[in-house]
Every structure is written in structure tokens, then in C-alpha cells.
Amino acid sequence: MAKVLLGFMGVGKSSVAPYLNGRFVDMDQVIEDKIGMSITDFFAKEGEASFRQIESETLEELLQEGDDVIISTGGGVVVTECNRKLLKKNRKHNVWLHSSFDVVYNRIKKDIKNQRPLFLNHSKEEFKAIYDGRMALYKGLADLVVTVDNRTPEEVARFIKCM
């Protein structure tokens, strides 16, 4: 089974994955290639339900690719029951990259290049509620929890490799 990096948006999944041993696949990039536009544009045009359907199909495909693949998921991959069931089948390989809300919030706020609809369309308080709601979902799926605050992507990857 594949190694799957889970965690809230902005936690550094796509930054850590290339430092791990294996074939790196950025799930968001795979989805964008499939839909022919950015996820932000797709969300605006087709809505969240359509996006989550494509996300589930993509996750199922990627989980079948073999033991050598390192999948960097989108932060919302855990919100649908279908995806959680797929990830539970992958039980021994789910790594939750955890970061405090303030660190994640500030990273996303500074990332002008990568504007995220969930961030842009909610107040800080609403965004915190979304963050809090997802923490239990990540925890329920994680075989390994790595706190990434004050660690470089290389340090996080070294820690994961040691486990």
C-alpha cells in the first residue's frame, strides 16, 4: 500500500513528500491535470460536490499504484466518508502532518501564489472551526503523527523515514 500524507492545507505535505523515499505524487496536481484547470477555478465553476467526486476517484486510483508511491493529499481529502473508507484500507501507511492553527493560518495568509477558496471565503473564526473539525478526522486515520511546527521539510522527512 502507498504512503499517504494527510494534514490541513498549508501544513507542508507537498514540501515534505519529495524528501521521502518513493515516487512522489501530488494529488492536487493529478486532479488539476484531469480537470484541465486549477482546483480554485473548478470549485468556483462546478462546486465542492463535483470536486469531491473527482477527488475520491483520484484517491482510489492512486492508492492502487503500489508500495513505492508517496501521495500528498489535499487538506480536505478526509471530509468525505468514501475517502475515509479508502484511507482506512491503507491503515498502516497514513502519516498525519500536524501543525498548530496559527502556523497554518499565517502560512496560508502569506501564500499569495496559491490562493485557497476555503481560506478566502471564510473569516478567521470560521476557518478555525473548519480546522478544528478536521483534526479528529486526521487523528482517526493516522498511523503516525508528526508535528511539523519549527521543522524543515527535510527534518520532517527524516523523522518519517525513521519510523
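Yeah, the Cβs are placed from backbone N, Cα and C, and that goes for glycine too.
Neighbour list (Lys13 (ATP binding site), Cβ cut-off 8 Å, at least 6 residues apart, same chain): Leu5, Leu6, Gly7, Ser72, Thr73, Gly75, Leu97. Annotation comment: Swiss-Prot describes Gly10, Val11, Gly12, Lys13, Ser14, Ser15, Arg116, Arg151 as ATP binding site.
Per Swiss-Prot, Mg(2+) binding site is recorded for Ser14. In the structure as shown, the Cβ atom of Ser14 (ATP binding site) sits within 10 Å of 18 other Cβ atoms.
Around Arg52 (substrate binding site), the same-chain residues at least 6 positions away in sequence with a Cβ under 8 Å from its Cβ are Gly76, Val79, Thr80, Asn83. Per Swiss-Prot, the feature substrate binding site maps to Asp28, Arg52, Gly75, Arg134.
In the three-state DSSP scheme, Arg134 (substrate binding site) is classed as helix.
When the record's ATP-binding residues Gly10, Val11, Gly12, Lys13, Ser14, Ser15, Arg116, Arg151 are compared pairwise by CA position, the greatest distance found is 23 Å. The DSSP secondary structure for Gly12 (ATP binding site) is coil. Arg116 (ATP binding site) is surrounded by 18 other CB atoms, counting those within 10 A of its CB over all protein chains shown. A distance of 22 Å separates the Cα atom of Arg151 (ATP binding site) from that of Arg134 (substrate binding site). The maximum pairwise C-alpha distance among Asp28, Arg52, Gly75, Arg134, the residues recorded as binding substrate, is 18 Å.
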